[in-house]
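Lifted from TrEMBL, the feature list:
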type: TRANSMEM; residues: 113-132; note: transmembrane segment
type: TRANSMEM; residues: 166-190; note: transmembrane segment
type: TRANSMEM; residues: 247-265; note: transmembrane segment
type: TRANSMEM; residues: 277-297; note: transmembrane segment
type: TRANSMEM; residues: 368-391; note: transmembrane segment
type: TRANSMEM; residues: 403-425; note: transmembrane segment
type: TRANSMEM; residues: 431-454; note: transmembrane segment
type: TRANSMEM; residues: 461-489; note: transmembrane segment
type: DOMAIN; residues: 517-641; note: domain 'STAS'
C-alpha cells in the first residue's frame with residue numbers, strides 16, 4: 001500500500017514537471033509625460049524625505065504652526081517642556097561646560113587664534129543651535145579637526161605671529177563662508193554631496209589628523225619655542241629633535257603627569273560608562289590644579305609657559321572684520337569650504353549616531369541649515385568654525401541630556417566665565433592645554449572600525465590607508481583630496497566596468513544563477529544567458545559590447561572543442577538595469593546586428609521602467625522588442641525558446 005502511494009506521488013510529480021511553463025506577457029510601463037518624469041526625478045533627488053507631507057490635509061492655521069515648528073524645532077518640543085526635563089538638562093549642560101571651557105581654549109590655540117576666541121565660540125553658536133537644531137544630544141562648540149585645518153590653511157599665507165589681526169579676520173571670514181556653504185546645502189537640498197566622504201575615508205582622515213594634532217602638541221609638551229610651521233610627520237619630528245636644547249624638564253614633567261591623569265580618566269570612563277563624569281570633569285580639574293601650581297610656585301619663571309591675561313566680557317561684534325578683499329578672498333573661501341565640509345560631516349554623523357541610539361530622527365537638511373546659520377552668526381560675533389563635537393556630545397548624552405536646553409545651560413555657564421572668571425586663567429600652563437588636546441583626539445583613532453573595514457572590503461581599507469598616510473606625510477588637505485579621489489575612482493570603476501555574470505540553470509528548477517557562484521548550476525545548450533548588474537550609459541557601453549562579444553567567442557570556442565550545439569540565443573537578464581541612455585539603446589542595436597551575422601537571436605528578459613520605454617521608442621523597425629524576444633523571467637524565456645528549437649528537429653524527422 002505504501003509503495004502504491006509512493007508510486008502515485010512520483011507519477012503526480014512527473015505530470016507536474018511535464019506541464020508546460022506559462023509564459024507571462026511583458027507589459028510596458030504606464031505612459032508618463034516628460035514633465036511628470038522630471039518632477040518625480042527632482043523630487044527624489046532633492047526632496048527624498050518629502051518634507052511637505054505633514055502639511056497635506058491640514059487647515060491654514062495648522063500649516064502656519066507646522067511651518068514655524070519646521071524652521072524652529074524649539075517651538076515643537078518647547079510647549080511640552082517640563083521641570084523634570086530641565087533638571088536633566090541642567091546637569092548635562094553644567095557637565096559639558098566643564099569640558100567646553102578647557103577644550104575651547106585649547107582648540108583656539110590649535111587654530112593659532114587667541115584663546116578667548118575658543119570661549120566666544122562656545123557661547124553664541126550653542127544658543128543659535130538650540131533654536132534651529134533638531135538633535136537632542138548634539139553639544140556644539142569648536143572641534144579639533146576643523147581647528148587644525150583652519151589654522152594650517154590660513155598659516156600657509158598669513159603668519160599669526162607677524163600679522164595676528166589679519167589672521168583673525170581671515171578666520172572669521174572663513175567661518176562666514178563655511179556657514180554660507182553649509183546653509184546653502186540645506187536650503188538647496190544638496191546634502192548628498194557630503195556623502196562622498198565615505199566611512200573609510202573619514203576613518204583614515206580622522207586617524208591621520210589625530211596623529212598630526214598630537215604631534216603638534218609636542219611643542220607645548222616639551223616646552224619648545226621654535227617649532228616648524230609644517231604639519232607633516234617628518235618636518236614635525238625633525239623640528240622636535242633639532243631643538244633638543246629647548247626641551248624643558250619642568251614642562252615635560254608637568255605635561256606627562258597631567259597627560260597620564262587625563263588618559264586614566266578617559267580609560268576609566270570607557271570601562272565604566274557610569275563614571276562618565278570623571279573624564280568629563282578631568283580637563284577642567286587639570287586646568288584648575290595646574291593653574292594653582294603655577295601660581296603658587298611661580299613656575300612661569302622656571303620654563304613653563306602660560307596663557308597670559310585674557311580679556312573679559314562677552315563676544316564683541318566682528319562683522320566689520322570680515323575680509324572680502326581680492327588678495328585673500330580665495331584663501332578664505334577655500335578654507336571655509338574644506339572646514340565647512342569636515343565640520344558638517346562630523347556634526348551630522350554625531351547627531352545621527354545618538355538619534356539612532358535614542359530612537360528618534362534627525363533631519364539632515366535642518367541640521368545643515370542650523371549649523372550653517374550658527375556659523376554665519378558666529379562669524380559676526382567673534383567666533384570661528386563650530387559644529388557638534390563627538391566627545392562633548394557623548395558626555396552630553398551620558399549625562400542624561402533630554403533636549404537642546406543643555407546647550408543653553410552650557411552657553412550660560414560660558415557667559416558667566418567670560419564675564420567674571422577670565423582672570424583665573426592667566427596662569428594656566430600651555431602644556432596642560434596640549435595634554436587636553438592629545439587626550440581628546442586619541443578617541444579619533446578608531447582601530448576596531450579599521451579592522452572591520454579590512455575584513456569587509458580591502459579596497460575601502462586601501463582608501464582608508466591613503467587618507468591616513470596622506471594626512472600624516474603630506475597635509476590635511478592632501479590626505480583628504482587623495483582619499484576622496486580614490487573613492488571617486490572606485491565609483492567610476494563600478495560605473496564604467498559593470499559586473500556581468502554568465503548564468504546557468506539550477507537542476508530541478510527554473511532558477512538561473514551565476515555559474516561561478518553556484519557550482520551545481522549548468523549551462524543550457526544553445527543558450528548564452530548573461531546578467532548585467534548596473535545601469536547602461538555612455539560610460540560603459542563600449543565595455544559591455546566588447547565583454548558580451550567576448551563571452552560569445554569563448555563559449556563558441558568551448559562548444560566547437562566539445563562538439564556541442566552552437567549558440568542560437570543570447571539572453572540578457574536586465575532585471576538589475578534600472579536606467580539607460582541613448583548610448584545604451586545603441587548598444588542593443590549593435591548587438592542585434594552582430595548576432596544576426598552569427599545567426600543568433602538577441603533575447604531580453606525583464607527590462608524595467610524607463611529601460612523598456614526607451615527601447616520601445618528607439619525600436620522603430622520592431623527588431624529588438626518583438627514579443628518572441630521579450631520575456632518576464634529567464635526561466636520562461638528558456639522554456640519557450642527551447643520548444644522552438646526542438647520544433648524544426650521534429651519536423652525534419
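Including glycine, each Cβ sits where the backbone N, Cα and C put it.
Pairs of Cβ atoms less than 8 Å apart link the transmembrane segment (461-489) most often to 431-454, out of 166-190, 277-297, 368-391, 431-454. Long-range Cβ contacts of the transmembrane segment (403-425) within its own chain (Cβ-Cβ under 8 Å, at least 6 residues beyond either end) map to 73-74, 77, 81, 85-86, 89-90, 92-94, 96-97, 100-101, 104-105, 115-116, 119-120, 122-124, 126-127, 129-130, 133, 135-136, 138-140, 287, 291, 307, 309-315, 396. Mean pLDDT for the domain 'STAS' (517-641) in the predicted structure: 88. A Cβ distance under 8 Å defines the sequence-distant neighbours of the transmembrane segment (247-265), meaning residues of its chain 6+ beyond its ends; these are 220-224, 278-279, 282-283, 286, 290, 293, 299, 302-305, 429, 431-432, 434-436, 438-439, 442. Tallying C-beta pairs under 8 angstroms between the transmembrane segment (113-132) and each of 166-190, 277-297, 368-391, 431-454 places 368-391 first.
Using a Cβ-Cβ cut-off under 8 Å and counting only residues 6 or more beyond its ends in the same chain, the transmembrane segment (431-454) has close neighbours at 102-103, 105-107, 109-110, 144-145, 199-200, 203-204, 206-207, 209-211, 213-214, 217, 219-221, 223, 251, 254-255, 258-259, 262-263, 266, 283, 286-287, 290, 304-305, 307, 390-391, 460-461, 464. Here the domain 'STAS' (517-641) has, by DSSP, the following mix of helix, strand and coil residues: 60 helix, 21 strand, 44 coil.
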